[in-house]
Amino acid sequence: MECCRRATPGTPLLFLAFLLLSSRTTRSEEDRDSLWDAWGSWSECSRTCGGGASYSLRRCLSSKSCEGRNIRYRTCSNVDCPPEAGDFRAQQCSAHNDVKHHGEFYEWLPVSNDPDNPCSLKCQAKGTDLVVELAPKVLDGTRCYTDTLDMCINGLCQIVGCDHQLGSIAKEDNCGVCNGDGSTCRLVRGHYKSQLSATKLDDTVVAIPYGSRHIHLTLKGPDHLYLETKTLQGAKGENSLNSPGIFLVENSSVEFQKYPGKENLSIAGPLTADFIVKIHNSGPANSTVQFTFYQPIIHRWRETDFFPCSATCGGGYQLTSAECYDLRSNRVVADQYCHYYPENIKPKPKLQECNLDPCPASGGYKQIMPYDLYHPLPRWEATPWTACSSSCGGGIQSRAVSCVEEDIQGHVTSVEEWKCLYTPKMPIVQPCNIFDCPKWLAQEWSPCTVTCGQGLRYRVVLCINPRGMHTGGCSSKTKPHIKEECIIPTPCYKPKEKVPVEARAPWYKQAQELEEGAAVSEEPS
């Protein structure tokens, strides 16, 4: 053999040893693979729906043991079971109903989510506390836990991803999309406080739409929760939630827990109908309800095909648009439904050239110019802004914006708005005169015009702008008054002898003139 030839002088012994080891390793791998027969065909699935397991076998051809496994598994029948099929683990428990246990017959119910051995068949006798392991292994394809896709295979819990592959770590996002990014739903949080009375015994807490997931409500107080439903076909229903437990409401599993002064409601979803959670007045005190759920974005933008070309020949353009699509009814609805979701971003129109062949009138040949030169694109055109609605303090002004198209001759005509949607539409309203308005500023009052009894006093009132300058523009309706009556508490006495005019106080003549009805101007001086 090549590896066994004598080493010639100068051949490194280390290299020779490496060749020998490599040859042995290669042969051992080939021998290991050749010891196994080919894999056999896949077995029949352990379940017809709900996710089962299938296996394939291979035979060891060596007289000694073979390295590796002689069995492999894969998932199968990964389609939802009809609601009437029931739980797979419960079916296995009920199969023992006609078998006596310690001399008695029992109706067995499943015990799920056993943390120690989730793949053993543990069942509880109905109406008792008796829990028995009726089989060391559940059937292949039984879920290990109720809230995961992991399944039991040959008595061991195997990880199953949302892609239904064994060993996969793929997870659903909160919207129920496998390996999703959570963009197809939105988290809704809310708080409700009841204000019920003797005349208003019932009220709506929240309406939860079709397709919602991970619904949790907690009521604190004396009142009681109950459910109303409405299917897409319009059928209505009601569930009073009289007792705690797990119920099937419109094919959705509802878990209801009731404690003194508290109620919990949980629904994994997705809902197959619209659920309206209501509250019934059961006590004198008010109740509060906190709720969270993930609401699907049922209205989404959908890009349209290209519209017809703007020209039949000689070079034109065509655009796409976006329409709001209802995922439940599979029909186009008004754009306002898509604008309701902030997560929804309307896609921008796409533009492409079309009908570039020369027109027949050109004699069969014509140099095709770029579409933006030969056939100008439609554009937004705006009218002048209107006068501001307010001279100060912030107002608005508006204008009309329309989509227009200009032909080769320069004629401008109005066209449909979708033709201009390749660029943002100009705003049609804007704020204006956002500076503060001038205000009246009143100075201090003057002394009273008399030293006893009733008189008048005056003040200066100025119109001041935000920079502190005297200006106009203040409203005369809000101007403070510039004069008012004043009373001096000192009593007035009539002198016994007539005082000479020269000896009278200087204000006496002014007061007398005012008392005689002399006109006083409202404007300061």
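Cβ atoms here come from the backbone N, Cα and C positions, even for glycine.
Just so you know, TrEMBL annotations never went through curation; they're auto-generated.
Feature annotation from TrEMBL assigns signal peptide to 1-28. Annotation source TrEMBL lists disulfide bond at C45-C76, C49-C81, C60-C66. Here TrEMBL flags 103-185 as domain 'ADAMTS/ADAMTS-like cysteine-rich'. If you look up TrEMBL, you'll see 189-296 marked as domain 'ADAMTS/ADAMTS-like Spacer 1'.
Shown here: features listed in TrEMBL, placed on the structure.
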| residue | record | contacts (Cβ under 8 Å, 6+ apart) |
| --- | --- | --- |
| C45 | disulfide bond | G52, A53, S54, C76, S77, G141 |
| C49 | disulfide bond | S77, V79, D80, C81, P82, A85 |
| C60 | disulfide bond | L35, W36, D37, C66, N70 |
Task: DSSP residue counts for the domain 'ADAMTS/ADAMTS-like cysteine-rich' (103-185), split into helix, strand and coil - done: 0 helix, 26 strand, 57 coil
Open item on the list: Just to be sure I understand, if DSSP states are collapsed into helix, strand and coil, how many residues of the domain 'ADAMTS/ADAMTS-like Spacer 1' (189-296) fall in each?
Closed with: 0 helix, 68 strand, 40 coil
TODO: Measure the Cβ-based neighbour count of C81 (disulfide bond), defined as the other Cβ atoms within 10 Å of its Cβ.
DONE: 15
Open item on the list: With every protein chain in view, what's the tally of Cβ atoms within 10 Å of the Cβ of C66 (disulfide bond), excluding that atom itself?
Closed with: 17
Task: Cβ neighbour count (within 10 Å, all chains shown) around C76 (disulfide bond) - done: 19
